[in-house]
Amino acid sequence: MKVEAFIPAVLLLCFGVMLCLKSSCALQIGNNNELKNYISWEDLRVVEDGRIERSFSIKENSNWVTTNANANANATNVRRVIVVDKNGGGDSVTVQGAVDMVPDSNSQRVKIFILPGIYREKVIVPKSKPYISFIGNESYAGDTVISWSDKASDLGCDGKELGTYRTASVSIESDFFCATAITFENTVVAEAGEQGRQAVALRIIGDKAVFYRVRVLGSQDTLFDDNGSHYFYQCYIQGNVDFIFGNAKSLYQDCDIHSTAKRYGAIAAHHRDSETEDTGFSFVNCDISGTGQIYLGRAWGNYSRTVYSNCFIADIITPVGWSDWKHPERQRKVMFGEYNCRGRGAERGGRVPWSKTLTRDEVKPFLGREFIYGDQWLRL
């Protein structure tokens, strides 16, 4: 072969390799950009091979400062972990302190690993800080507790009553949040009929959130499922009056729903107020137990929508099952349905006539993750 012919061939080969590498890099970047708009199991883990991955970024003097356990890792691609230890052995002694370390307009998953303990604080994850995970002790959610005790009649810094939504022990305002193995708690004890004792443990107003094996504990208005699409999987939720309420579109799958009512109360109070709103609560394969004689749901909104499917319902449900919130005009607008539930509390003989026993075709849109458009943002 002539030298003149060999050189162009080598150049073409090198050029081809460079193009392939560039394409591979572009594909990797594209995949990274795509992945941040999903929540996966990886976003709920911090321990691999028995060690904690300690890499995170904080913003200091408007510049990125990166701490990385692996000096060879690319700081823009690694998963980042901030450790919270109330005893001082981590990066922050408070959960809020760890949240504050995350830069505004964050575009990468940041995992906040919260070591066991009771963290008595109010926590807000602001809208400007998406892609945050709260991760506790994977063996038991009760080991890691975020707890506070505000109630609606308490006065805020402005001298005005807090009202319900400002009582939340933990407020999630950002998108693509997820949590596992954490207890969210409000310690205020309330009974049906008491005034000013609404006390929220967890409020979610951000879109596309996942809660896996968390506990949410309270009495009245425990879980404010306010707005957005949310997935609760294998969670434990406890309260007595309207203890799951709001206007989100949420799927509760394989959850334990536990009533602590001494007399009467209600599980769900959905606030859909227009037939054009694409919102609702769907409870699938849940175990509903506890005490009292409570409603499955109350019509907080004119077009409230709540469905129970394939659930075990203990003998704690008042025979009528559902309440129109003393607004009889809502009876023809709400969507309160049950499908294939079992247990004494599932007997529909005494149900209000404006609730529905759903058919298989009618319940199908409520049964899976497609109810919350999970194919667009879940990789679980």
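Yeah, the Cβs are placed from backbone N, Cα and C, and that goes for glycine too.
Given the structure is predicted, the values throughout are model-derived calculations rather than measurements.
Take the substrate site that Swiss-Prot assigns to Q198, R298, W300: the candidate from T144, T164, T222, T260 listed for it is T164.
Here Swiss-Prot annotates a disulfide bond for C255; of C235, C311, the partner residue is C235. Sequence-distant contacts of C255 (disulfide bond), defined as residues of its own chain at least six apart whose C-beta falls under 8 angstroms from its C-beta, comprise F232, Y233, Q234, C235, Y236, I237, F283, C286, D287. The Cβ of C235 (disulfide bond) has 23 other Cβ atoms within 10 Å, all protein chains considered.
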